[in-house]
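What TrEMBL says about this one:
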type     : residues  : note
COMPBIAS : A:503-517 : compositional bias 'Basic and acidic residues'
REGION   : A:502-531 : region 'Disordered'
TRANSMEM : A:20-41   : transmembrane segment
TRANSMEM : A:53-71   : transmembrane segment
TRANSMEM : A:91-115  : transmembrane segment
TRANSMEM : A:127-150 : transmembrane segment
TRANSMEM : A:185-204 : transmembrane segment
TRANSMEM : A:238-259 : transmembrane segment
TRANSMEM : A:370-392 : transmembrane segment
TRANSMEM : A:404-425 : transmembrane segment
TRANSMEM : A:464-481 : transmembrane segment
Amino acid sequence: MDALEIARWQFGITTVYHFMMVPLTIGLGLVVAVIQTLWYRTGKVEYLRMTKFWGKLFLINFIMGVATGIVQEFQFGMAWSEYSRFVGDIFGAPLALEALLAFFVESTFLGLWIFGWKQLKRGVHLACLWIAVIGSVFSAYFIIVANSWMQHPVGVQMVNGRPVMTDAWAVFTNNTALVAVPHTLFGALGVAGAFLLGIAWYHLWRRRHDGIDTVGADGRAIAGETNIPGRDKADYKVWIRSLRIGAVVAMISFAGTAFTGDMQGKLMFEQQPMKMAAAEAACHDGTGFSVLSVGNVGSKNCNDIVAVIEVPGILSFLAKGDFTTEVKGVNGLLDVYKAKYGTNLPNDPLYGDRAGQQIQYVPVMEVTYWGFRMMIGFGGIAAFAALLALWVTRKGVVPQSRWIMRLAVFGILAPFGANAAGWIFTEMGRQPFVVAPNPDASGIDQVFMFTAAAVSPGVSAAELITSLVVLSSIYAVLLVVEVRLLVKYVRGGVASAMPELAEAGHGEKNEKKKDGDGGTPGAPGEPGTPDDVLAFAY
Amino acid sequence: MELLPTVWFVAIAVLWTGYLFLEGFDLGVGMLMKLFARNNTERRVLLNTVGPVWDGNEVWLLTAAGATFAAFPLWYAALFSALYLPLLIVLVALIFRAVAFEYRGKVDNARWRTVWDWAIAVGSFTASFGIGAALALTTTGLPLDSNGDRQGGAFAWFSGYAVLGGLAVAAFALVHALAFLALKTDGDVRHRARRWFVRLAPVALLPLLAWAVAVQLLSGKPWTWLLVILAVVAAAVAWVLARQGAEGKAFGALGAFLVCATGSIFGAAFPVVIPSTLDPAFNLTVSNASSSAYTLGLMSIVAAVGLPLVIAYQAWTYWVFRRRVSAAHIPAAHGFLPAIAAKVLVGNESPGGTAANHARHNASE
């Protein structure tokens, strides 16, 4: 592998890894904020417990997103200095604004939320979480604006061979970004929905398995008690409500991703036709959507690809909104790209060993083809599972089957898979460009950059491979640590996030639960004693 | 014409100074986890002094880097690619440190805590050293060619200045944290932190001063020399005040020292953002490394609104958590309650047994 390939692997690995944490942070953050709002409005104890439990898992995950996000910002300069020089005038601005306007908000107010349970009034404390969550949504917006400019450069002019920003409004309202943002946010909600659904299912199953909950003659759940902290009747409500919320969120998310994804697809057929042709493995112009195609693995020659299952008309619908307009295939597009952007890379030292080589305009088709299908497939599976789960649990019980429980827990991974596949598809599909040309504006059509020219010229392959190995190993270790911690706290149940439940003792706790507005000991807004400085963490 | 790049040079100097001031003490507190704290309770006191704020402080680094990218893309590209390996180490350090802060208290187990304590301590030292080295090199020079790329291999950046800058920031963070702890804690930790500060400050502030003087010798101006003198005065004042037990004022004076020192360094380096040690003609300056006036103008408007806002709500955070923390405030560690693992019907452990284990855990803390 040469420096370029190593740098690309590194970017891919670190980005996909970072993007395993981010959707859960955004999605779960929103859900926790809604749940805490419900607690604020109703005072019901189960909502407080839900806030604490899901909040704990949210924080365990949040920090990994923070830690891996710094790598993203640094590696543009470290590994992709030519890219940074080329796009700095535009691309740096959303990154800087993300830090200044969004991430500052998120980090600061999350600190207030974590530590402020007793320092802040209930309403202020809740507002802190909302502000942090809104900050994370803005974070997503700014980052996607930056990414969308690479997919579809707008608002610039070429001056002395570099794009210079001329219209910030165009950059920040790039239509590519405006559909990618809701698509990504719905994708994040899908992760959160499946997460709630799977974990709540597990707990409900466990309660039946342990004989705590039983089923009445009418098939409805009868919630039981034990003298284990956090496994009382309120705990049953925690899990059944979490399950319902999770399932609904997952279904809303699928509807949202499908709707925005369709808009995004139509845009992409205009803006990056080659990406979509490659996603279809469509060599020749046509109208049929391929559900399954086969060809020689790794073949760049698209003529040996055979469609096994093809639905006529659907491709036209995805691309143009009708069932008859032919969509351009790879072969036809190749001529267009060659005519516009040349057949060979320039003979410039910037391109290193690749200078003068023929340009490969077709992205790796296996990746785009299967990336596209996995994104849709995993998303669909998650939504269908959520619908099924709602039906099966309509009487408040989960089946006793261990296998269905395992499927529900395993199903947590489906939206993660869909998210990762979506990003891999959209990023790999942009190749060989790091900044894809914008075909719908003649002036901006010439703003593009080949990935081969973007890597840092002064950095050796040895340095890159070192960092690839170091970062990947650390990520692997930390993933194990995070998952183990999550599993531990999931198994711990609500009491793991609310030690006060356990310490109050069983009978005593039930007494206190009923007082006032339903707050439990340790609720925010109660006058704290000086000893309460450290309420929540560390 | 040069107004906006100059404004942004100042803005980036402010962001770096803000970063060193704020994260300076939480990096130092991280190092003190191993150097200063005597037992787990004291370590938890230390952690809780910075707990609500360290993450917000770290964003100053992200903002400084992001602003450099946006305002001076050539500076960002040259500096970050030239310092590939040291910045990789900084990243690793920051990753472990961040994760450690959050995960340390999540498992009630001495070995688990020890591992993360080391991650915090070593991560804090390494990150501060690496960032100091990077900042020093951007003021004293790197072997850059005409394109702004490093010549001479993966370690061509290594020089005495890198070590000096690394020591400067790491040692400053250490005493800054002692001043902070004296202000933010109570009881034994407070008094010990003050004693340590009085003893360590005269030595630990020297590397930063040496870096400031070195930059003056390379490209100093009368007003930046004056800042160096002011920095020395502020350091002396901080030391005297700390001796007298005026912790708040001492902390403030130490802050003034930092502002004067970094001000003198950035001021002397201006208008060069990275000198090339190969040929002064390759120097990156505020004018040849900056973004367009349009981008800088846009960024200026946003920063003029955004930065005061950030300072305001971060200040509020410090106000909310203004109380001193002491060992007496640290509750016993919560034993972990495995609701599921208790295996109510199957298991050998009765729920009562779990509670008893839990109590034993607490007692042993």
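Note that Cβ sites are derived from N, Cα and C of the backbone, with glycine treated the same way.
Note that this is a predicted model, so its numbers are computed, not measured.
Among the stretches A:53-71, A:127-150, A:370-392, A:464-481, the one making the largest number of Cβ pairs under 8 Å with the transmembrane segment (A:238-259) is A:370-392. A Cβ distance under 8 Å defines the sequence-distant neighbours of the transmembrane segment (A:404-425), meaning residues of its chain 6+ beyond its ends; these are 12, 15-16, 19-20, 23, 187-188, 190-191, 193-195, 197-199, 201-202, 205, 250, 253, 257, 279, 367-368, 370-372, 374-379, 381-382, 385, 389, 398. Sequence-distant contacts of the transmembrane segment (A:53-71), counting only residues of its own chain at least 6 positions beyond either end whose CB sits under 8 Å from a CB of the stretch, comprise 14, 17-18, 21-22, 24-25, 28-29, 31-32, 35-36, 103, 107, 110, 114, 195-196, 199, 238, 242, 471, 475, 478, 482, 485-486, 489-490, 493-494, 496-498. Across A:20-41, A:91-115, A:185-204, A:370-392, stretch A:91-115 shows the highest tally of CB pairs under 8 A with the transmembrane segment (A:127-150).
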